[in-house]
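Quick notes on the structure that follows.
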Amino acid sequence: MSQIKFKNVSKVYPNGHVGLKNINLNIEKGEFAVIVGLSGAGKSTLLRSVNRLHDITSGEIFIQGKSITKAHGKALLEMRRNIGMIFQHFNLVKRSSVLRNVLSGRVGYHPTWKMVLGLFPKEDKIKAMDALERVNILDKYNQRSDELSGGQQQRISIARALCQESEIILADEPVASLDPLTTKQVMDDLRKINQELGITILINLHFVDLAKEYGTRIIGLRDGEVVYDGPASEATDDVFSKIYGRTIKEDEKLGVN
C-alpha cells in the first residue's frame, strides 16, 4: 500500500486557471521525493493538496489507503496529525519561544483550551526537547524564535514536524530564502530524519543540483502535468530541460543568487 496516492487528481481555480491535470502518483513509505518545475507549474498546489491546504476539484488523494479527500471532522484531524508541514517562510509565532513553537506540533493531540493555556504534558515537552536536539538547536529552546537566524528558524519548523510524530513531512520550498551553507544544513537535517527515522519526505525544490543530491526520486511538473517521474540518479540535464521546457540556467543548477 502506498503511503500517498494521487488518483486522477485535478485542480481548477475559480478564475479558470488549471493548477493540476489528472495527476496519478504513488509515494512509497521512506521515499525522499522531490517535485521540480518552473514557478507556476503546480508544485505548491500538488504538495498542499496532500493535507488539504488546497482542496482538489476532481480525483482523490489517499493517505495509507484512506481517502483524505473525503475525510471530515475528527477523521480529517487525525489524518492531518500524521502529516507535518514545513513552509518557505517558517510559519512560526515569532514572539514565542523556540520550545513553545515546537510544542505547537502537539496541538492535534489535545483539547484546544489546553493548548491555548499552554498546558502541555511533561511527555510532550520531552518530545519537543528530543526534536530540538535532533536538529542541533536544543541550546536555543528558551529564546524567542525571531532572535534566531533563518536557518535556525527552519530547523524549528523541522523540529515541530518531528514533535508532531508525523510519518510524512511536506516541505514547500524550505530553502528558497536561505544562503548556500544554511541550505546544506537544513537539507542534511531532512535527509537525516528520512534515513534514520524512515519519515517520508515530499519536497518542492527550485535548484536542480539539490534535487539530484538529496532526492531518491524526481517528479517533474510542467503546466500542472507530470512530465517526468523517475530515480534521481537518472535525472540528467536533458531531463530537467524537458521539465522546464528550456535549457537550465546556471543559477538554477547551482542554487546561487
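Keep in mind that glycine also has a Cβ here, set from the backbone N, Cα and C atoms.
So that you can see what the record holds, here are the features copied from Swiss-Prot:
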type	residues	note
BINDING	G37, L38, S39, G40, A41, G42, K43, S44	ATP binding site
DOMAIN	4-248	domain 'ABC transporter'
Neighbourhood of K43 (ATP binding site), C-beta criterion under 8 angstroms, separation at least six: I35, V36, G37, D172, E173, N204, L221
Across the domain 'ABC transporter' (4-248), what does the pLDDT come to on average, as a whole number? 92
Counting across all protein chains present, how many other Cβ atoms fall within 10 Å of the Cβ of G40 (ATP binding site)? 14
Enumerate the residues of the same chain, G37, L38, S39, G40, A41, G42, K43, S44 excluded, that satisfy the criterion Cβ within 8 A of the mean position of the Cβ atoms of the recorded ATP site; list them in sequence order. T45, L221
Using CB atoms and a 10 A radius, I'd like the single residue among the binding-site residues S39, S44 with the highest neighbour count. S44
Looking only at L38, A41, which of these binding-site residues has the biggest number of Cβ atoms within 10 Å around its Cβ? A41
For a quick check of packing: other C-beta atoms within 10 Å of the C-beta of G37 (ATP binding site), how many? 26
